[in-house]
Structures are given as C-alpha cells and as structure tokens.
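Structure first, then comments.
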C-alpha cells in the first residue's frame, strides 16, 4: 500500500511540511430534511452560478439533478414504497454481522459500503420498527476528497493539488480545461464549467432569469471543502448552514468514529438499512474524506457501489508491464542468442 | 421543544417551512423523542418523523376531539394537574346548552346576525341564577360585535375578562355542570370510528397517536404540539388550536419543559408583528383597539380589558394603557384628558384585509400601502385583490423588487384576460425600494417570544430604506405639512412624540425605539431611567412605555435582546441569549412545572419550584408567578389582581388563574371546539346536521362564489379538496425568493401534487400540465404524481386531495413565475380572528394547460353555471337544517348579501 492505493495519510504523501489533521464531512442522511440550504450556502460562498434552465424535472423535489461544475452540494430526493424499504433493510442486514461468526475479518472488506459499526448485535433487540408504507430519502452529496484522488493523480498540469487538510482542490488559474480529471473521478463529481447560461426559453409569459458573467468558464470545477474558509479556521459553508447537523465537519478520524457509533445506534433501533459509505480505508479509493451514512444501497442515491481509483492498479500494471518488457527483452535476447548460435 | 419526549406536528410542516427551528425537533429526536406528523401530505417533516398520518384537510377537530375523548374515557388525564390548575371543576351556567342538545349549535345563536349571544356560556354565578358576567363596561358584548373587531386576537398575552373570580367549583367533578362533565358529553361521539370516517385515519394510526401522546405525558414526560397556518387558516381555525389546548391541559402539558403548543411563525418577526401589531384590531401588548359603542369612554375601555375584581396581571391594564399613551403623546397626555385616549381612532366595524379589499371595489378606499406583503399573489382570491387595487387612487409598494402587487396594472392575469386595460387604470403606483434584513438593525421576535437583535451589516443600496427610516421621514413630512393646522383632528399627529435621535446619515436609531418600547420613568426620583419590569408601570402618568409586555428588554439601559452568549449560557433555559417577553420568562406559566405543593413533578422535568427556606420560587427560569406567593396561599379572590392569585393559580393572565378547558368567554364561535366542515367541502358533516361553522364570516359576492358543499345540487362539479402550502425553497408570495437565482432553480415552476389514483382518474401525467378550477379562478401547474399524497376514504368514498404551493405569481420581473394558487381560494373567514380559509377548498383538475384570454373567463363561468353556484351557495341558509337544529328564534327571513359587503 502507499501512495497509490490502500490506507495512507494523503497529506504526508503530498510532502506537506506542516501538519494539519485531515478534514472531512460526515453526512448523516438519516436526519437530512432536504432543505437544500447546503446547496445555496455553497453557491453563495463560492460565487457559483445557478444551474440548468429553470424547468421542473418532475423528479420529486430534485431540480438540480446532480453534482456538477456549479452545484457542489446536491440533495437527492428518493421516494420509496414498502417493498423497496424492506429490500433496503435486508441488504443492510447482510452487511451487519448480527453476531454470527464472521466469515471474513473487517480488514478484508474492500467495498465502499460497510457496516463498520464493529457491532455485535446479538445482545440487542433489532426488531425493526414498523416498516412504513412509504419513505422519502434525502441525501446531500458532495465531492468525496478521496484518499487516492483519481482527478488529482491524472491531472497533467498540476492544477489539482492535495491541501494540508488532506482535501483536493482545483486551481482555477492553472487548469487548462483538458478534462482528464473528469474521466479520472470514479464518482462523476468533477465537471468542466460550460458557459453556464441556459438556452433562451420560448415559453410564453415566462422570462428566465439573467445571470451575471460566469466565472471560470471551461475549467474543471468541484467542491474545495471551502479551502479558503479552512485556512482561516472556519467551517465550510454547507456544514455551517445545515440546520439539523446532517452535515458534520471536522477531523476525518473523529468523524469516522462518530459515523460508526451512529450506525451502531441505528442498528440497535432495528434500522438495519443504515450503512456507511466511504468510511472503509481498504476500498478502491483508500476511503473518502467525505463519509456518508446511507439508508439504502448507494446506487439508490446515484453513488457507485464500488468506486475504484484508476491509479489503484498502477503498481500491478507497472509490474505486468515490467514483466512483459522483461519477457520481451528475454525473448529478444533469446532470439539474438539463437541467431548467434546459428551464426556460430 | 428539544426537551419534549413526544412531538406532534400537525397543521404545520415544520421541517419545510421552519427548517431553522426544526433543529430543536432534531435535537429532541436525537435524545429519543418520538415525532409524529399529521398532515394531508407526506412532507419533508413526514420524511424524518417516526410516523406520518395522512389526514383530510380541515378535519383536525375530529381527530383532536377524539383524542380528548380517548383521554377522558380511558382515565388517562393528569389528575393532580387538571384538578389544581384547570377549570375542570368549575361550574357552568344553567343556561348553557351544548351542541349535542341543539343539533350542532350552542345556546345563544342569533340568526339575525349569524353570531352568538355569548352570555349563556358563562360560569355559574355563586348567588343563584345566571352566569359570571363581563365587567360592567362591556356587559354582554354580542358575538357579532366581538367578531367585527376580531376580539380573539386580544388574547395573545392573556385571557378574557370576568366580572369577578369567585367561581363555583365541585372538586369531585361529579356535578353535571362541571366543565369536566360538559367536556365529556361534548366529545362522547368523537370516536376512532368517526376519525376514520371523517379524517381518513385508520384506527391503527389513531391508536399509535393516542398511545404516543398519553405514554409521553405525566409527571416524568411531556408532549409538545407544533402548528402553523394549517390550523389557523380555516373558518374555525381558532378552535383547532383550542382543541389542542384542551388536550394539552388534560395531559398536564402546559408550563413545563418540552410541553405546550408552539405557534410556528412563518416569517422572522410575525410574532413581533402581533406583539407590536400591524393589525387593525390591536394596540401594542394585546390591548384592544377601541370600538365605537363599546369603548366610548376610557373607563369602558379599561373595564372591557379586565375587571378590578378578577385575578391576575390583566387587572393592571390601566397602567399598561396609560404608559402606552404617555409614550405616544408625552406631556400632552394627562389625567384631565384621559391620557389622550380620544386621540386613538375607533373601529366602526371589521377593517381587516378582506373587508378593506371589498371597500376598494366599492371605491371607499383611496390609497393603499403595501409593505412586507404581496397581496396580488399571497392573499386569498387574488383576482379580487388585483381588481380592487385597480380602483385605488394611489398605491405605495415598498419591497425589495418589483413584485406582482406593483406590476399587476401592466402584466397581471386580468390584463391577459381582457378584464383590465392598462390605459383605463387610474391608480398611481409608487414603488419604494426597501432595505433587506441585513441592511438595517432591529429586533426579530420569534415563536418563543424571544427577541433577538440584528445589527446592520451594510448600508442599503441606492434609495432603499428601512421601514423605520421610511416611516420616521414620512411622519416628519406629514407633520411639517400640518404644522400650521388648527384642526382638532390633526392634534394626535402634531402632538405625537416623534423625536428619535439620528445617525450621521440622518437615519433614526433603532435602539432609541427599543428604549421607548421598553419604557422609562418620566417623573419622580428615577426620571429618565429605563423601566425594568412591567410591574413598575403606573396609573398616574409617571411612567411611559410603548409595549408593556416588552418592558425589561432595555433594562439598565442595556439592549438585552442583543445578548449572544454561545448556547445561551449554562442554564437549561439559555437565559443569556436574547430576551423573552414577558420579563425574560422562557417558559410561560412555569408555575405549572411544579406540583400544587410547589415541588417539581419529577426530577426529570424539574424547572421551577418553591424554596421553603427562602420563601420564594426558584429554579432554572424567571418564575412566571408572584415570586413570594407560597403554594398554600389562598387569598380572598375578591381582592382582585395579582394579589388574589392563589398559590395554585399558575395561569396568571387568566381571570380565574386557571387553564381553560372550557372557554366561557373569548371565542365567538363556541366555548368548546366543534367540528364543522370547511366553508366549501365535498364531504358531509356526519357529526351534526350543521354542515359549516354557523358563525363563519362570508362575502356573498359574484366575485367570491363558493362551490356547492356535499349534499347540495352541483356538488359533483368541484369534487376534489385542495390545500395550499409553502416549500422550503421559497418564501410566501415569492418576493424574497423568486428574484434569487439560487432559490429559483431549486423549485423553478408552479406545480401541484396529486396521488396516482387521481392521476389515473383524470389522465394526468407526471411533469405534464394540469388546469385546476375553483369557482373563483382557473390556474395551470405542472403535475407531480406521488405517493406522498394519499387518496383517503371518507364516509365510504374516495376523496382526492390536490396540493398546491402558493409561491408563484404572474409577471415578468421575477426569475421564475407562474400561476398563483391563491387565485383559487375563496374568502371565508374565522369569526374570532378574521383569518381566511386557505387550507381547504373545493376544485376540479383536468389535464392540459389553461385557456388564455376570454376563454379562461368562459371556462370558470362554465363551471360556475354547471355547479349552479350563486352568491347564496355556502352562505344561505346559515343554519344548514333548521328542522334538525334548535334555534330560537327561528331563522326565518335570512337574506342574501346584496351588492358589496355582507357582514356574514
């Protein structure tokens, strides 16, 4: 393990001369009320333009659709019926050991979705609460600030860098808009900002809002975890504004501990659908700086179930390439030897 | 709320409309509290509640009445609390007749006025017959007079007056005339089956709710209710809240940590705007606005507020009133001229928003100031509002942007329909740019009565002004124009104190206004010093104060509202954050947090208690009680005032010191909440022959037709129930959100929410268009088909509900625009408060966009014709079935409203 995959301290790997605790988010979707204050606070602070063409999507209360160049916090709204709730509860139950002898140790689990409560629930009543007829999931998504950040690792210009807080930030004035990072992100977070204006509407009696000039056109844009606030000892805008503390900000290590405790608490209440996302440092991105508590499988929220940074396999690829090269050298050598033999 | 063990959010959508306050619900939930959301829709509050219970809009009294019945018939009420602290044992007059006896009416209904003679509802009089009356000055003010001045609003800081506090009580509660027995009989037919029939709530859900509330009440635990306009905006809105009050009193959930009924306020300082009112019927501190014929003399006025022989702090209303008049007219206010009492205007009838609108249409109103509201979008029957404004000579709109109330004359819906032509409109419209909340200093008063000071962050741009600056300068200009006047009618303006210090930009100092509101000694040894407690206010003119309940906010010359110790300091009552009226008491009536002997009900809910050694009440909060009144004190009730309060009279603003399960006074539509259907409803009232509230205030006019109610001809034409509401992403009529791109993109278009069943019935598609038609208007909206809206089974048949957010309006200045839901709403009002019924109405919904131009008017008219809707529909007769209902005299000769305003 080391700088390309597995558990590591990304700040140390980046050779920072100062030491700051790694910072991150813990987004507890079980207490999110979908107010979208995080989306608005983020745009306000970062001067991001509004998105889209101001049409209703018809997708529940989600009208900003996904994370993108200008939407760095995005709240998903998922409406589910009883059958789906029961499936979620069951898929979560599989993650929980429920006190059964563990087939494999936690250290071997390499998926992003984990129970990680360390919970032996054999002693507690895990009878689920009455399964409701219906539920409405809300979850605020954000850049994951991966331990091994694909966007950063593939950036050819050095526009993306690892901060002293372990976060990943784009330098707008360095980025040349090549877009390699867009493909490098396993979560689909990074996006190049288009000119940001919506197509003019043709609908009668409706005038679409005008925007001031769009900054940073054409360059890669994503959440900075409010780097400019962090250097002043401030909380990122989204976490600061969240009225229910669904978005928690702090030292990554503390947040993971808190997240595990919260999952254990929900499990003890019978909510086996609760699970953590991104808290496992053995997953394909070495764990994420932004950790989530979800109430269903990640796909339901539009998150990849098993994200894998493109550099994770680099060593293997190098080895294979080296082996192949060695083989070819050997083959060439053999060929020369053979020729030499014939010539002799 | 954070201290509650169970939170019932009903008649409000707290997570969406009050997300910041919702942090306390989140905190309670994190501590293990159960949260239940009762609402027609599964909202964002429902999403994190332990259970959402779907209810038919407008049927809440059935549910709450059934909970009361459940608590009474299963003996689940909190006995020590109820006996000692409420009027359960008090005897009601022999003249009182309940709705159970009279087929849905109480005794005293007067068909001539459509209101009640209130005298028979009184407490029994000790000396024999009759009831405990009103103070002499107000003897038997009729319900119609009280309704006209929306007298119910006066009780924002205390109860109605009684002639005296000597009431008859039967502590065994066995006398059939005790409030307790009256209550039992009144709610006997409010059963879980009735809840299922009328509300559409299953018995399982009812049991869950009932168990949750009762198991989380008592010595160790408390339940809190939170409501908003889902309760107030009904023709019997005040009674919705009263039914919750009865339930909470029975369970001992008033005056204790994590208890009560929280009025969730919809704007930053709506509480403040009733404390220091922007209402037609109130003066600061809930003193009534005097009315012709009722408050002709100063003595009449004071006696109307409180008799000197009743209990509690309202008996000092003379000191509060005189101090207010001294604050307003300074040295000109003297004992000889009744402290300038006659400078106050008098009400001559109901002068609420909707009567004023009708007055405009009748060309009786010349000018209109529109501040902090957008009536073209936000008021009921928007077409009526806009047409009314076209009759004005002048209109001033003060807002952040060019809201629809400032642009209806050039691009309103009536321009498109051809009803108005810009060149024909004579109204002169002035737009005055307003400063935002960060561009001005001042205080916000929120739902907990907490004043929080806001400092100015930056200067307003351009010509934008704060309200304070605007009105200060306007006052200066008017006074300058009148300076030479000798006309008596100008004296009140010219003698008004209007001398606030100004800063370098000439803007008045908001803290000086706060100091004026707080009050000061004007003479005596402490002359000039701020008052620190309303008890210091005097009747001899030696004190001045602009709002008695706010006295203390500027104690010691310090702006107490600006206190901002993080977390409010170590005390559980968070005393070092802001300032709460009255007297910085964080929980009202907190004497009730201790038992009759003064001991905490439990260690867990300990808050205020009697300290025998110190001989006073101590604890985590400022005691809301005479500090040294021992629990066992039993003074003669006839001495009157705070001195007459017994040691077990926690409700110090009530005339008898008790919490009122039964309200012998104070409401004009009944001493006990009774279920009536909304003004227009496709559902028949299966509890009583009386369909609607008999005292509802209606406007029988061609521009305000009602949909035929269940059981009348044409009731199939508008078969669905609609309800209106807010979304987190927008602010009311949109003035503060639809102009902001960041908020507009989050909810860009007007939509309606319907169930899959209704979508199938009417061929509506998700994200397609629908047209919604009521007898007032037709609007279009995008469609969200969702399981969050359930089709309910009411009286054995499916009732579909249509949900409509009301944030959009027609215009071109906002980032997003759309049709206004309020155009659909009819004007029918609660007689206690003159608040409109926006939360339940009847409509039809069809697929596709609405027609344009004249065709739109034709569509609405076609529906009206098919339904046979006339000005009599839902308005006449007032009593649904005189054969089944006992009214004396018989309601013969009911007349429909002629042209213009009818007081029914």
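Each Cβ is built from the backbone N, Cα and C atoms, and glycine gets one as well.
Whatever TrEMBL says is automated annotation, not expert-curated.
In TrEMBL, the region 'Disordered' annotation falls on A:196-215 of the listed ranges A:156-175, A:176-195, A:196-215. Within A:32, A:35, A:42, the residue that TrEMBL lists together with A:223, A:226, A:238 for binding [4Fe-4S] cluster 2 is A:42.
When the candidates A:242, A:310 are compared with the [4Fe-4S] cluster 1 site entry in TrEMBL, which names A:32, A:35, A:38, the shared residue is A:242. As stated in TrEMBL, the feature transmembrane segment covers range A:317-338 out of the listed A:273-294, A:317-338.
For residue A:146 ([4Fe-4S] cluster 3 binding site), the spatially nearest entry among the binding-site residues A:35, A:38, A:155, A:223, A:242 is A:223, judged by CA separation. Using a Cβ-Cβ cut-off of under 8 Å to chain B, the binding-site residues A:35, A:143, A:146, A:181 reduce to A:35.
Listed by sequence, the residues of this chain that lie at least six past the ends of the domain '4Fe-4S ferredoxin-type' (A:23-52) yet keep a Cβ under 8 A from its Cβ atoms are 61, 63-65, 68, 70-75, 77, 136-142, 145, 165-167, 196, 198, 209, 211-212, 214-215, 221, 223-226, 229-230, 236-252, 255-256, 258-259, 262, 266, 271, 274, 288-295, 301. Here the domain '4Fe-4S ferredoxin-type' (A:134-165) has long-range neighbours at 3-5, 7-8, 10-11, 13-14, 16, 18-25, 27, 29, 32-34, 38-39, 60, 67, 72-82, 85, 171-172, 174-176, 178, 180-187, 189-190, 219-220, 222-223, 225, 227, 230, 238, 242, 246-247, 278, 281, 285-290, 292, 294-296, 300-303, 307, 309-312, meaning same-chain residues at least 6 beyond its ends whose C-beta is under 8 angstroms from one of its own. On the backbone, the CA of residue A:155 ([4Fe-4S] cluster 4 binding site) and the CA of residue A:185 ([4Fe-4S] cluster 3 binding site) stand 11 Å apart.
The binding-site residues listed here (A:151, A:178, A:185, A:223, A:226, A:238) include A:238 as those with a Cα within 10 A of the Cα of residue A:38 ([4Fe-4S] cluster 1 binding site).
Rounded to the nearest whole angstrom, the C-alpha distance between residue A:223 ([4Fe-4S] cluster 2 binding site) and residue A:175 ([4Fe-4S] cluster 4 binding site) is 15. Among the binding-site residues listed here, namely A:42, A:143, A:175, A:185, A:226, A:42 has its C-alpha nearest to that of residue A:242 ([4Fe-4S] cluster 1 binding site). Across the binding-site residues listed here (A:42, A:146), the residue whose Cβ sits among the most other Cβ atoms within 10 Å is A:146. Sequence-distant neighbours of residue A:181 ([4Fe-4S] cluster 4 binding site) (same chain, six or more apart, CB under 8 Å from its CB) are A:150, A:151, A:152, A:154, A:155, A:160, A:170, A:190, A:220, listed in sequence order.
Here nothing among the binding-site residues A:175, A:178, A:226, A:238 falls inside 10 Å of the CA of residue A:32 ([4Fe-4S] cluster 1 binding site).
Rounded to a whole value, the Cα-Cα separation of residue A:238 ([4Fe-4S] cluster 2 binding site) and residue A:35 ([4Fe-4S] cluster 1 binding site) is 12 Å.
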